[in-house]
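**Q** One structure, as structure tokens, below. Some questions next.
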Amino acid sequence: MISRIDLRGGAVTDGTFDRDLLPRAELDVEAALEKVRPICEDVHHRGTAALIDYAEKFDGVTIERVRVAPEAIERALAELDPAVRAALEESIRRARIVHREQRRTDTTVTVVPGGTVTERWVPVERVGLYVPGGRAVYPSSVVMNVVPAQEAGVSSLAVSSPPQADFGGLPHPTILAACALLGVDEVYAAGGAQAIAMFAYGTEECRPAQLVTGPGNIWVAAAKRLLKGRIGIDAEAGPTEIAVLADDTADPAHVAADLISQAEHDPLAAAVLVTPSEALAAAVEEELKVQAPAAKHAEERILPALAGRQSAIVLVDDLDAGLAVVDAYAAEHLEIQTADASAVAARVRNAGAVFVGPYAPVSLGDYCAGSNHVLPTGGCACHSSGLSVQSFLRGIHVVDYSRDALAEVTHHVVTLAEAEDLPAHGAALKARFGWKVPGQSK
Ligand code: NAD
């Protein structure tokens, strides 16, 4: 089922261990790029007609239009199970509490008397929000995309999610209902790379966006990498990963359940346990043997994900070595299930999100912790953050200098411009002072 990787023997602590030994999916986003390139070009040139063809090809459904009619969104909310509605409302409420606190205020710094630099935070005008819906459907990802965008003040929001054959070619009704709960009325039935291309290039039905965010499978990640620049992207949030750093104090049944919970997303999902405890490793293996085959999505997702080369139990000498391993791995989700978990968590440098102690499982963060579940994968957590209000803002520097403040620094600007052999730069300042450089005798 799940393999073991033995990193004991000092190599981790002295920093010489081979990082290629860490479990990671053979996720060839570069190879996927070549497959999504023609799809994106086709959407660029044929717009809606191409989206309709790809709905047929990849989602197995014939659709006549890609934009979802407002009545369908309203109907989905009217027909939503009250318990699901209450859970979504609680998820939205908690996400708002957290994301509202992430709003930034403009800051003005007085550099010299009469010379200020202000950083002004301005939301992106229009964003496309991708909500996955291939193997599983993710109304929770509507919440995780829309709440930070709204809290950032984005004025134009459009959601896209794959058309579902079981629902007449519309996105899943719970996704539509979540959009309605959040006041989003612009929704498209498009999935995969073609949805990212729709937002990047625009179509007859959909105005282009400046930024696209949201998680997805390898095709979505590849399209984001391909179209980055044409459109802004958040991090590459691809197939889910969970790493658990645990010692003897962890409950093996809980650790196994948490590993399975993320393996449930995708056969390419990664589940990794890092532990110095041989006894815990053995007990988790036993739990996985019992729990995994009994889970609903065992055959198509969980068992292949656990058996894949992206999943493993990694044995280390001690917790310090475990921390070095999880930092090198830079997991999307990292659980700390050790004695004094808060102190251990405080030492983590690389992770999309950290879940501390026995009562903060990743599933809580997937739905109702208040944190965001759109998080960087594939090691990107060493340089990128999860989705937040900040993802939807740009900081604009506003430079405001008086005549005296400019005069005071002109000789330095002219000197630096000449050092770079860009004399016209200096001349732009000299022209303002009758070509005589203030503060210089000649
Ligand atoms: P998806 O919506 O990402 O992808 C479905 C689409 O993929 C289809 O509509 C189709 O257009 C396209 N597709 C399928 N096969 C294709 C092919 N051969 N060539 C080109 N395109 C093809 O839904 P999914 O597949 O269920 O994947 C969701 C992913 O999102 C999972 O991997 C899950 O782990 C991940 N996820 C990640 C995060 C995160 O923050 N990192 C959060 C939630 C979900």
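A Cβ is built for glycine as well, from the same backbone N, Cα and C atoms used for every other residue.
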**Q** Return the residue out of D317, D366, D400, D404 that TrEMBL annotates for the same substrate site as T240, Q262, H265, H333, E420, H425.
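**A** Looking through D317, D366, D400, D404, the residue TrEMBL assigns to the substrate site is D366.
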**Q** When you put E332 (active site, proton acceptor) at the centre and draw a 10 Å sphere around its Cα, which of the binding-site residues N217, Q262, H265, E420 have their Cα inside it?
**A** none
**Q** Quick one: Cα separation, H425 (substrate binding site) versus N217 (NAD(+) binding site), in Å?
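**A** One finds 48 Å between the Cα atoms of these residues.
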**Q** Which of these binding-site residues has the least crowded Cβ, counting other Cβ atoms within 10 Å: Q194, N217, T240, Q262?
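**A** Ranked by other Cβ atoms within 10 Å, the binding-site residues Q194, N217, T240, Q262 bottom out at N217.
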**Q** Please name which of the recorded positions listed here, Y130, Q194, N217, H333, is nearest in space to Q262 (substrate binding site), Cα against Cα.
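**A** It is H333, whose Cα lies nearest.
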